[in-house]
Each structure stands twice: as C-alpha cells, then as structure tokens.
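Have a look at the structure below, then the notes.
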C-alpha cells in the first residue's frame, strides 16, 4: 500500500495472488467486455479438488461458490461498496493494524469512490466484492494506494485485472506507477505474495519506504506507465 492521501495509522498493504492458484489446472482466465463492464471468465473450481496441500489453513469450502461463479465483473466503486471495502480490510488487519474502525480509513475509501478512483471486482451472482483497489493520480506519478483481494478469491486473477483496469482507466500520458508494499524481511512478503505479484506486472523494487503502522518494513515498487513494463538492463556484450 502506498500511504499517499490515506491516513498513516489506518492503511494496509497490497495483498495478492496466493499459492492457491495451483488449484486450477487451466490457462489464465479469458477477459471479455460486455455492457460497458469488464468481465473475466474464470476457471471453475470443483469441490474436493486436490490443491497440492498448500495453504492448509484455508477452508476451501468457504470459497468454492465464488470459484464456480462466472464471469467476474470489474467496475468503478460505488457508495454501496464501502462496506465491502471494510470487509476486505478486516481480512488483513492482522498484517497492518486497525482499519475497519478507523474513521480516517473509511473517509479515504469514500473519497476515492467519490472521485471515481476506486475499482472493485464483483461476483455477479452474489454481488460480493472479490477485491478492491484505490488509485491516486498526480501525474506524472501515479500511486496504487490500496489493493486487497478477498481470501476466497485469491489466485483467480482479480488482482491482476484490477491493476490492468486501473492503468487503462486512470493513467494518461508518460510517467510512473508506484506502490508501497512489504519489505523483503516482512512476514507478509511471502504469505501474501505481494512482491512477486507486482514483479510479474513489471514493477521493480526501488527505495525503502517508511515502516508501516504495525512497525514492519516497507519498500517502493515502481514501473513506467504507460508502455511496456520495466525490464532489467541487459549486460553489455564483450
């Protein structure tokens, strides 16, 4: 998470694709557009499928209904989605400290919704939020202020699609996109997969950032925007 305009004592970091993605033995979800909303056809998850023994603490029966729903919708956040954002925040408070009961966090969510800088991934059947993103535009620098995917939906591509849509909707002209996520020594760096997630999207680790509200380390990740992701410099030929 980028602190940005969110209160420092009520922010959380980006939490993304868990290793439960290995449950699915099929290509990445196809994406199609219908009725002005972004929809993603997701692979179905069958009850009882072997997940390779990963993440045993998760009760897969809690998220099977989400996996079986097709397609997923990504759209701008609405006033009615604020409670859903708070629900997502509740899932990650063990990493980042209180957010749900912090008035400043709720105000920040409402402000992003009001300015049309909030995106949600929604299950079209239940209407439940599968993920949420808050974005900031201060061209030429753009910030991912907050990104969380519901624990039941991690590994389904919701985070990647939220990021893809944020770049398409909010980034205009050349510049950079920045996010502050876990430092390499933070326990959440591995558990959440956040650093790997951003690296797969073309972000590169940069300077250290201020510690998070819980005291854990943070690091800036950065990529160019728009255009192709940053790539490591090639070694000079001899």
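Just so it is clear, glycine is given a Cβ too, placed from its N, Cα and C backbone atoms.
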> Given 1-60, 61-120, which one carries TrEMBL's region 'Disordered' label?
Replying inline: 1-60
>> Which range is it, out of 173-205, 206-238, that shows up in TrEMBL as region 'Disordered'?
In response: 206-238
